[in-house]
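This report refers to the structure that appears directly beneath it.
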Amino acid sequence: VEPGMAGVLFSCHRGKEKQSTSEIRKLFTQYAEDVYPDHGKKVMTAEDGNDENSQDPEQSIEDAFQKEITELKDHEKTYLFHWEKTSVECLVFMRTAAPVQPEQFVTHILDDLLTKNLKRTRFTSRIVPLTDTCFANVPDMTALAKKITAPFFSTDASQSVSYAIIPKSRNNDKIKRDDIIQVVANLIPSHHKVNLDNPDICIIVEVFKSICGMSVTKEYYRLKRFNIENL
């Protein structure tokens, strides 16, 4: 995972990353056709590309490298979803491409599953949309938080909303929970008030290793904290 990626972070049962990825791939494939029927792209599956990188014995190293670069660029244009390694146990990241909007897409899926009382997964715990990512350091996180939160928090004192910051940090001993809260809270105008029980808006901040991802949602608690097992 690299800074600037939008996508979906999902956690799974220990040792079940492969099974979780497979069931999420199927789930997202189904809903992508519903939400983005005219996207004109394919959904990138876990098996895609397995044979594409096999080198022709008559091909030079330079030609093989150029072919790989071309294929990667084609994938960018062709697929809605790209699987990315997090190097964190029980955690998988799926990068999204336009027109997918992670928060809108995840909310649609979980709302549908909740409304219809459907169970489509066995190995996946939480599905968290991330609108954007950056390096997990205070300056970069501050810049990203400012960009992510600004559209939701008016500077007009007559227009106030309540909010909660939802911080989580994995495999990072430099950025603590309190650091995350401080970074975000410092950017919110003071007439907006914290409400941890029933906020109008939730600001999700996920730190994993050297990466930080953020999103803003109004549906966090209604959708069971984005825990697909609890819907």
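Each residue, glycine too, has its Cβ placed from N, Cα and C.
TrEMBL lists 48-59 with the feature compositional bias 'Acidic residues'.
Counting residues of the domain 'THUMP' (112-218) by DSSP class, helix then strand then coil, yields 29 helix, 37 strand, 41 coil. The domain 'THUMP' annotation in TrEMBL covers 112-218.
Look at TrEMBL and you will find 39-59 tagged as region 'Disordered'.
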Looking at the domain 'THUMP' (112-218) alone, can you tell me the average pLDDT? 97
